[in-house]
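Here is the structure we will look at, set down as structure tokens.
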């Protein structure tokens, strides 16, 4: 999660929303990414999507079976769907997100009957730090 | 929708699930894409995600305000979330998908209170042709 927080912080300095994600397999980091939706413009450029794509490329397979995903904010519906498609084994997220999260809020993607793969979900790790980083970012831009 | 069906058909001949998507702005096609999750390996490589990314690159902006998305199958949670993030104005899909769709089924992403942007949704156009293509593809692989 430290690497995810560092990636988030770096994204913030570049004007992107400070959210970071890391994919790991057997304790080894496979991919590190941060939000990047503005430059280049990409509405799907959330940290999780980018990290999953990088990990799939690095491992040469579209199913990341056995992999862990660490992300600094509760995934949205788009990212939760992608996590399920990618067969991520364990999802760790820091801050929960009542406004946009779709794991414990809103669409609750993993709780749907049709969801074909549900990761184990662990929350709360570095919650304060990840949340503060986001609040600070949006306060400065208001 | 014709172009989306053609893209789907071509994907099927390459062993990818035959689903196609088109982004259009003011009646002009901006991006055409099909499912491509295997080569290169990309768990997020659904037709909609790929078409949205291409359109954002082509238009130089991450918000595809005013754009229409045509897709041959009801979008899943990942793709519905992406469609909302991209600010797609009108979504047209052919076949509905009780097993994986998240517009009129499952997570019903656009019906969530937290959903910040809902496209207008139109269904049923070329439903039979799109559905037949998918059924044929999976029957051959069984």
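Every residue, even glycine, has its Cβ placed from backbone N, Cα and C.
Keep in mind that TrEMBL annotations are predicted by a computer and have not been checked by a curator.
Feature annotations, reproduced from TrEMBL:
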type	residues	note
DOMAIN	B:1-104	domain 'CMP/dCMP-type deaminase'
BINDING	B:46, B:76, B:79	Zn(2+) binding site
ACT_SITE	B:48	active site, proton donor
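Within its own chain, residue B:76 (Zn(2+) binding site) has B:46, B:97, B:100, B:101, B:102 as residues 6 or more apart in sequence whose C-beta sits under 8 angstroms from its own.
Its Cβ placed at the centre, residue B:48 (active site, proton donor) has 30 other Cβ atoms within 10 Å. Annotation for residue B:79 (Zn(2+) binding site): same-chain Cβ neighbours under 8 Å, separated by at least 6 residues, are B:46, B:48, B:49, B:71, B:102. Here the domain 'CMP/dCMP-type deaminase' (B:1-104) is broken down by DSSP into helix, strand and coil counts: 34 helix, 26 strand, 44 coil. Counting every protein chain shown, 28 other Cβ atoms lie within 10 Å of the Cβ of residue B:46 (Zn(2+) binding site).
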